[in-house]
Amino acid sequence: MHAIAGLTGFLAGVSLSYAAPTQENITSDAYFYGQSPAVYPSPEGTGSGAWASAYEKAKAFVANLTPEEKVNLTAGTDADNGCSGNIPAIPRLNFPGLCVSDAGNGLRSTDHVNAWSSGIHTGASWNKDLAQKRGLHMGSEYHKKGVNVLLGPVVGPLGRIAEGGRNWEGFSVDPYHSGLLVYETIRGIQAAGVGTSTKHYIANEQETNRNPESTDGIDVAAVSSNIDDKTMHELYLWPFQDVVRAGSVSIMCSYQRINNSYGCQNSKTLNGLLKTELGFQGYVMTDWGAQHGGIASSNAGLDMVMPSSTLWNSNLTDAIANGTMEASRLDDMATRIIASWYQMNQDAGFPSPGIGMPADVYAPHQAIIGKSSDSRKVLLQSAIEGHVLVKNKNNTLPLKSPEMISVFGYDAKGPDSLGFALEWLSYSPAIQPNHTLIVGGGSGGNSPAYISAPLDALQQQVIEDGSSILWNISAQDPEVDPNTDACLVFINSYATEGYDRAGLVDEGSDELVTNVASKCSNTIVTIHNAGIRLVNNWIDHENVTAVIFAHLPGQDSGRALVELLYGRSNPSGKLPYTVAKNADDYGALLHPKLPEGQYGLFPQDDFSEGVYIDYRAFDKQGIEPQFEFGFGLSYTTFDYSGLNIGQVSDNSTSRYPPSAAIQEGGNPHLWDVILRVSVDITNSGPVAGDEVAQLYVGIPNGPVRQLRGFEKVNIPVGQTVTVEFALGRRDLSTWDVVAQEWLLQSGTYQVYVGRSSRDLPLQGEFTI
């Protein structure tokens with residue numbers, strides 16, 4: 001989603017493909033009717049659990065509204081501020097309205113705020129506690145700026161398509177990993193009194209054809225994500241279940257179609273899965289311009305349209321009058337919105353909506369300081385921990401008091417201006433050639449208070465050390481001083497909203513690496529990557545001694561990297577995706593789906609692979625990756641021992657969970673602990689470090705391994721710590737499409753614990 005200004009132009013530029021119509025083309029969407037089951041009526045919010053007080057207040061508030069005031073709450077309006085969207089005020093009842101703004105890694109299009117690390121970077125940290133702290137400090141900036149709702153975080157896309165343009169906004173390709181990190185992120189943000197609108201619900205896995213478009217007089221519908229019930233529950237709905245359980249006050253529905261019904265008027269996904277099965281108490285907001293039906297969308301469970309609506313307004317009251325919509329539906333829409341306002345305690349002491357969001361940052365405006373010195377430590381640490389060291393030949397890193405270093409590559413320098421933080425590109429280049437990459441493009445961009453670029457931070461380090469630095473960041477085949485101790489090469493891999501990537505490598509950057517490596521025996525490569533980046537063209541070069549996937553660290557990029565290069569911090573990041581040896585190893589999930597054959601006007605993307613994406617697919621097909629999911633090196637070594645598996649006897653292991661009233665997140669018994677696992681980890685290396693212990697389970701009739709636990713622990717040199725994992729009923733279950741329940745199967749389950757999805761020194765089993 002995006003600011004109102006420029007919306008039409010942006011949508012017109014979004015990546016679109018179409019097939020010319022033929023006699024065989026399907027020309028009416030009536031062909032697809034019924035593929036997404038109808039679920040009506042839209043359930044009313046119950047105000048259960050932690051929502052009780054907010055709902056009581058909201059119902060009293062809504063009871064005093066006129067029909068027109070209720071309608072006004074359901075659609076955005078223009079306002080003299082820079083918020084991405086606004087809900088109008090109701091002055092007579094002291095409701096000041098709402099400001100909602102991008103994005104999940106810091107505010108966009110404003111000043112006096114920080115540019116935080118992106119979702120993929122947080123995913124690479126594997127640090128739940130840090131994710132919550134990042135959310136809390138980031139949320140406090142939104143609060144000071146008068147932003148009621150943060151448009152994020154992201155768990156859709158999950159990362160099904162390797163070239164997906166927005167994969168970098170999410171945390172991980174694994175639903176369990178993504179779910180735990182989004183849970184902690186939401187808890188942190190909302191603890192600051194700012195609501196989250198978690199996105200994009202659901203199965204929004206490519207940018208190509210995400211919106212309906214007309215080109216040369218040909219109308220092409222948005223792509224349809226066609227998903228079976230089992231895959232939906234076990235993969236794509238999984239992290240959203242954690243979102244609801246965390247209490248997210250809003251969820252943003254997506255652009256594309258789901259089983260040939262648009263995401264923002266799909267009664268199965270909104271009424272059925274979200275509001276009934278998961279017990280969601282907040283409100284559903286459209287992505288910007290994602291409403292395609294009037295009363296059909298409200299009856300399907302949509303509660304708020306952004307940035308405005310031409311299909312609702314007085315049409316809602318007319319529909320109530322003519323009986324095509326129940327008055328209770330409008331009341332529920334308004335109640336959910338106002339209850340969320342109360343739930344965040346924004347009725348008392350919250351700044352005026354949008355007060356710190358100027359419509360034009362270059363015009364005179366009041367300075368509202370969002371950032372705080374209290375955030376500096378968390379800001380830097382969140383940047384540090386998302387770096388992943390994947391090669392370290394002969395312990396090249398950390399650098400050992402070098403007398404001279406040389407820096408090469410376009411990604412080393414800072415930008416010439418901050419305009420990049422505000423712009424929308426009308427295309428998606430393979431790289432950002434003009435400066436270091438701290439964030440991807442589109443509505444997920446953010447506004448840095450400063451940028452610590454790698455070259456700047458390295459020069460500062462050299463000043464402090466009294467050493468020397470040479471640099472040539474523009475040459476493709478630079479000269480290298482033979483006396484240099486290390487050659488640091490900086491490249492990047494760009495991605496943006498609106499477009500899927502054209503590939504996972506770029507020849508120019510690879511050529512730069514090999515050119516330097518041919519002249520320098522100690523070449524260290526840093527990649528700022530907005531998604532998967534292949535390295536097969538040079539990873540085995542004998543002079544490439546170390547490689548870091550630096551992801552998208554935010555404004556502290558250079559400072560964080562220097563902490564790692566010089567050994568003041570020990571790398572602890574792990575990959576939240578699989579890096580293949582060859583692009584073809586991703587198979588049908590490499591490229592986005594394009595319109596073809598009889599579906600030229602109604603693109604169809606069949607998720608026929610089921611749950612087998614990324615490492616699950618590599619395991620199933622026996623493909624050896626370059627670097628597996630969960631992989632990352634350290635400056636120390638960790639030894640695993642003492643696997644202990646103990647079943648919890650006081651919780652039911654019945655086939656289906658005991659019946660219970662639905663709470664936020666679904667049946668509360670899904671979180672009953674069934675199994676406890678513990679392992680001992682010893683730091684047998686030379687320095688203290690953080691290790692991410694990962695637990696995988698082989699569930700009968702499922703993938704070889706699925707992540708079902710991870711803990712990040714600090715271990716001093718020579719010390720041993722015991723790491724414990726608690727596995728709930730959902731963690732060990734599969735979705736029964738007949739019973740429509742989570743099924744705990746009888747049989748033998750495999751348990752694996754170790755350093756990555758393929759480095760698992762401990763293995764055991766248990767039987768249910």
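Using the three backbone atoms N, Cα and C, a Cβ is placed for every residue, glycine included.
Just so it is clear, the model here is predicted, and its values are computed rather than measured.
Feature annotation from Swiss-Prot assigns active site to Asp287. Under the heading N-linked glycosylation site, Swiss-Prot lists Asn25, Asn72, Asn259, Asn315, Asn322, Asn394, Asn434, Asn472, Asn543, Asn651. Look at Swiss-Prot and you will find 1-19 tagged as signal peptide, backed by sequence analysis.
Residue pair Asn259 (N-linked glycosylation site) / Asn25 (N-linked glycosylation site) shows a Cα separation of 18 Å. In space, Asn25 is the closest of the glycosylation sites Asn25, Asn472, Asn651 to Asn315 (N-linked glycosylation site), judged by Cα positions. One residue stands out among the glycosylation sites Asn25, Asn394, Asn434 for having the most other Cβ atoms within 10 Å of its Cβ: Asn25. Cα distances from Asn72 (N-linked glycosylation site) to the glycosylation sites Asn394, Asn434, Asn543 are smallest for Asn434. Of Asn322, Asn434, Asn472, Asn543, Asn651, all annotated as glycosylation sites, the residue with the shortest Cα distance to the residue listed as 'active site' is Asn322. Its own atom aside, the Cβ of Asn72 (N-linked glycosylation site) has 19 Cβ atoms within 10 angstroms in the protein chains shown. Contacts of Asn543 (N-linked glycosylation site) defined by a Cβ separation under 8 A and a same-chain sequence distance of 6+ are given as Ala517, Ser518, Cys520, Ser521, Asn522, Thr523, in order along the sequence. Nearest Cα neighbour of Asn472 (N-linked glycosylation site) among the listed glycosylation sites (Asn25, Asn322, Asn394, Asn434, Asn651): Asn434.
Looking at Asn651 (N-linked glycosylation site) and Asn322 (N-linked glycosylation site), their Cα atoms lie 52 Å from each other. Burial estimate for the glycosylation sites (Asn259, Asn315, Asn322, Asn472, Asn651): highest at Asn259, by number of other CB atoms within 10 Å. Between Asn322 (N-linked glycosylation site) and Asn25 (N-linked glycosylation site), the C-alpha separation comes to 37 Å.
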